[in-house]
Protein chains: 2
Amino acid sequence: MKAVGLVVEYNPFHNGHLYHLQKAKEVTGADVVVAVMSGNFTQRGEPTILDKWQRARAALNNGVDLVIELPLVSAVEPADRFAAGALQLLADMQVESVVFGAEHPHWDFHHMVDLEKSFQADQFKQFDQTYATQFNQQLKERIGVSLIDPNDILAFSYYKANINSRFGLRLVPIQRTGSQYHDQQIRGKVASASAIRNSVTNKQQELIQEAVPEDTFEELVHLKMIPSWDQLYPLLRNQLIQAPQSLLAQTYQMSEGLENRLKRIAEQELTFDGFIKRVKTKRYTYAHLTRLFLYTVLQASETEVHNAIYHPYHHLLGFTEMGQEYLHHVKKQLQYPLITKVDQTLHHGDFTLDYRAGKLYQMFTPDEQDIKRSPIRVTVK
Amino acid sequence: MKAVGLVVEYNPFHNGHLYHLQKAKEVTGADVVVAVMSGNFTQRGEPTILDKWQRARAALNNGVDLVIELPLVSAVEPADRFAAGALQLLADMQVESVVFGAEHPHWDFHHMVDLEKSFQADQFKQFDQTYATQFNQQLKERIGVSLIDPNDILAFSYYKANINSRFGLRLVPIQRTGSQYHDQQIRGKVASASAIRNSVTNKQQELIQEAVPEDTFEELVHLKMIPSWDQLYPLLRNQLIQAPQSLLAQTYQMSEGLENRLKRIAEQELTFDGFIKRVKTKRYTYAHLTRLFLYTVLQASETEVHNAIYHPYHHLLGFTEMGQEYLHHVKKQLQYPLITKVDQTLHHGDFTLDYRAGKLYQMFTPDEQDIKRSPIRVTVK
């Protein structure tokens, strides 16, 4: 059995994702689709619009055969860590290839990785510009392109991880179609996830129905509240105000002294909007900050996150019959533990951060996210 | 100038309080009424229905001349600590007498304090019953009464504090009138504070108007939300889930091992109702637990609370002209600092717990509770 791997957020699952996974099977000739999917928080540290089980079910109903949860410590990270964590699991799952969309799939990403190595060795000397800016200047000079679009950056990160960690995966970038990532409006059958989320906010049911499969549509129209940092802010604010600075300083990714600034602004700002506007500077991107906020609310220390990074696992969210068969084949060769049900031992052990993120996500849903939840089984009609 | 001291919560200020303070002046012949009032949290660790400034203003408009905030570490404590903290400030404020309501004002509370001393020396030996139960058995045998009613218990605590700390205050218990503390319905002009809070919940405007002065009524009808632990629970739940057990164990009043039980139940319960029902046992009263929850949400450690207890201060919330004149007279003899405006130095210093409690109270009001707020000045017509 030949498997193709996908790295996904499905926030929410939509027609563009459907197209992408069909294309992935087509170009690789795979029998099985294995998706490594972010849990209840996105790469930007935002709560997902539907929970991981709802999103896994939609994926399984629409062509994915096996859904594995990407642990938080990889899922909520910049592109390089995100890509490395996801490919690590896919490689362990023995997939033959990984297919992903890119704005410029024809670019020679492998060559770019080599260029970066020589750049790192020789050129990274100007401390008044960010690393990304300097590397892009190099790319521009040497091969006339720039890594700016988000999926190109991810594609580059997949190549880099695959080469550096010798995963031996065949990487297959394909053209992204339809709306761009940043398009905020649904236009027709293929729309961006963020355009769909906007339509949910604006209750544009007909537009949504056009852009997502039936099951995602059903979940979205029954949504009582759109998860966002607006609702999580009281937790963040209280943590920033009540925790001693020495404790906040230990938070994963808390740069030196930033905790004092966050504390001071939290004391003054009652809404997330007001808070983020004052916190954001050139130095810290929005995504960097929201990731940091999530780690702050989870009270995740540097030590704790590093421990989690060194102990990866496959948390199985669901499978089709085909997926189950595939799992049966590869199970014995897995290097990392396969978690099919989270029990009391696990949730205070290596799984703790994902478990605690699930508890946090219960701000948006009464559904328990981990304990005693069995993988979803979907029978393909 | 002769001053009488009151220890109050005014949650909210109502006609019974008005009657009590007039009576207090009458029986003592005082010119000035000094009230030591709890801040934004009651003795039971519950958020007050109106904030401390609103309650101070109502008090000043209705006969109180000087309102001092009782620091959280005294205000949110069992009767003995509450009474001792309040009398400490009133004694420092040079009041001549303290008047308080009791269910049995004619009892010889002084004698009871002596009895307790001999009881503690000789009799406290049965470890299968609580201290209170055994002491009450003693009282029953020796003088035929029991300390059961809440205001009798407080009265006893005032006597005990006054004797033990040699405050030299003249204590004047008076009869509580009208509705009992536990009466849940407004009946006429004098109702209990909890009956009034219930009527606010049930929007019984006419009943409320009957039972409170005009200004309290205005504040109550404009209330958007009734502060309660239902709204604070997400903060408590997240703290219990995310903080390591070792950190929770350091919380003030966290008995050994209780943090594990709280953590486990918080993980499972999504509402405060569900949580408290499972947490409550014979061993822990509701009030003990809600106080503990407040200290947990404030991340107040044993060390921090003890430091605060040893550094009392007078935080001035407001005064009338008479109150200002009185303050002018006693100012130079004050043993503890007089805070008229909270600034940046103070709010991270000795005042920090009250400051942080104010920030927490902003879950219920957009109004800043401390920084740059000047005492209220009321001109008596």
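Just so you know, the numbers here start at 1 and follow the chain as drawn.
Cβ coordinates are placed from backbone N, Cα and C, and glycine is handled just like the others.
Noted in TrEMBL for the protein shown:
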- A:7-20, A:Gly101, A:Asn151, A:Arg176: ATP binding site (BINDING)
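Listed in sequence order, A:Ala35, A:Val36, A:Leu70, A:Phe82, A:Ala83, A:Ala86, A:Leu87, A:Leu90, A:Val98, A:Phe100, A:Tyr158 are the same-chain residues at least 6 apart in sequence whose CB falls under 8 Å from the CB of A:Val7 (ATP binding site). All chains included, 21 other C-beta atoms sit within 10 angstroms of the C-beta of A:Gly16 (ATP binding site). A C-beta separation below 8 Å, combined with a sequence spacing of at least six in one chain, links A:Phe13 (ATP binding site) to A:Arg55, A:Ala58, A:Ala59, A:Asn62, A:Val212, A:Pro213, A:Thr216. Annotation: A:Tyr10 carries the greatest number of neighbouring Cβ atoms among the binding-site residues A:Tyr10, A:Tyr19 [cut-off 10 Å, Cβ to Cβ]. A:Gly16 (ATP binding site) falls within a helix when secondary structure is assigned with DSSP. Cβ contacts within 10 Å of A:Asn151 (ATP binding site), excluding its own Cβ and spanning all protein chains shown: 19. The secondary structure of A:Val7 (ATP binding site), as reduced to three states from DSSP, is extended strand. Secondary structure at A:Asn151 (ATP binding site), as computed by DSSP, is helix.
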